[in-house]
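S.K.: The following feature annotations were taken from Swiss-Prot:
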type	residues	note
BINDING	133, 137, 138, 139	(6S)-5,6,7,8-tetrahydrofolate binding site
MOD_RES	242	N6-(pyridoxal phosphate)lysine
SITE	241	site 'Plays an important role in substrate specificity'
């Protein structure tokens, strides 16, 4: 073997066999530190969850090497016979999980899945209705700073001021007055049951298409803990993470063959090129997990834990927007503790409790300050936390907020936060995750 060939072989051996730790210790160190954070902190961000080891393996597989523009059986590249199997499994499992006739599993994110529906069903300048961001909607539901708010005429509906529940009379009135081409139901910070049947009745009355974004509650729908929108909506979108417990990505479901054709064309070639086959593999694995009987118990536990957390927080003098929760999340109004969302998020973070500041309906504060925090139970439930643990977590949150009220500063109350942090580490230590060192 020549010297040049020997050097090439040695380089190839390193390329295919050296570990991440050997090749890039900086990235390895950041990942190791993030694993430590996830292991030792209580994750209460409602849009986050923890995937299984099997999903991690699928998403970190050699499928990342493969381009597969198009759809199974109709690719623009050769060598797709095995990734076709992967995508077909993901599609069939998604259809079975949600009782849908058609599924597109290629969207790379929640924003892109919603953009694909708009591309398929709307023209620039068309009118659509969506839940106002301040009432619990999403940026892609018509926010002025988002493409959805820039390209279309958006009519927003909201919640009532007295009880923070959806005002369906207002939805009907706005629909009759504005004759939207599409009505979008669903949100990111609404803790009550959605009346899909009523939304469909309103849509039919004005000749609109009903789109449901069930990104936050898809796992609860799959687990039988929230009514399914699939029988009522013309088209449904959902992310595949959050309560569904899969990799980060999106999916579109429909029972309408004509809409399915438009959706497929909108996703590819309209919006995306080659799909992320390693992510689609992770989606397929997560769907298989969600089809198992134990996932129904998981979904029930998520809701039971959320209700327990909400009641515990109320017992400590905090207000829960709409008075409680029917799903996996809640908005906590911090004004009884004279706190802002910004201060509370930082103080809880120092105590190893992770959440996000969030505006509440009719919030007097700016979005980056906010009067509330949003809390969710999917990740903690995945770790094995039950009602007892979430009651303890509620008490720990109140302890931090009471300390913050006494300190009345951005620096918080170091003594209280350290004491709570030690309790959090003790709690999380009883519920280990993954077998890696961290």
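One-based numbering along the chain as shown.
Cβ from N, Cα, C; glycine included.
Can you tell me where each of these features sits in this structure?
M.R.: Neighbour count (other Cβ atoms within 10 Å of the Cβ, all protein chains): 23 for residue 138 ((6S)-5,6,7,8-tetrahydrofolate binding site). According to DSSP, residue 138 ((6S)-5,6,7,8-tetrahydrofolate binding site) is assigned to coil rather than to any helix or strand.
The DSSP secondary structure for residue 242 (N6-(pyridoxal phosphate)lysine) is helix.
Taking Cβ-Cβ distances under 8 Å and a sequence gap of 6 or more within the same chain, the neighbours of residue 241 (site 'Plays an important role in substrate specificity') are 47, 48, 49, 51, 247, 248, 249.
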S.K.: Could you name the residues, excluding 133, 137, 138, 139, of the same chain that surround the (6S)-5,6,7,8-tetrahydrofolate site, i.e. Cβ within 8 Å of the Cβ centre of those residues, in sequence order?
M.R.: 130, 131, 132, 140, 141, 142, 143, 146, 187, 188
S.K.: Would you mind reading off the Cα separation of residue 138 ((6S)-5,6,7,8-tetrahydrofolate binding site) from residue 242 (N6-(pyridoxal phosphate)lysine), to the nearest angstrom?
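M.R.: Residue 138 ((6S)-5,6,7,8-tetrahydrofolate binding site) and residue 242 (N6-(pyridoxal phosphate)lysine) have their Cα atoms 14 Å apart.
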S.K.: To see if you understand the setup: which same-chain residues, six or more apart in sequence, place their Cβ under 8 Å from that of residue 133 ((6S)-5,6,7,8-tetrahydrofolate binding site)?
M.R.: 139, 141, 143, 156, 359
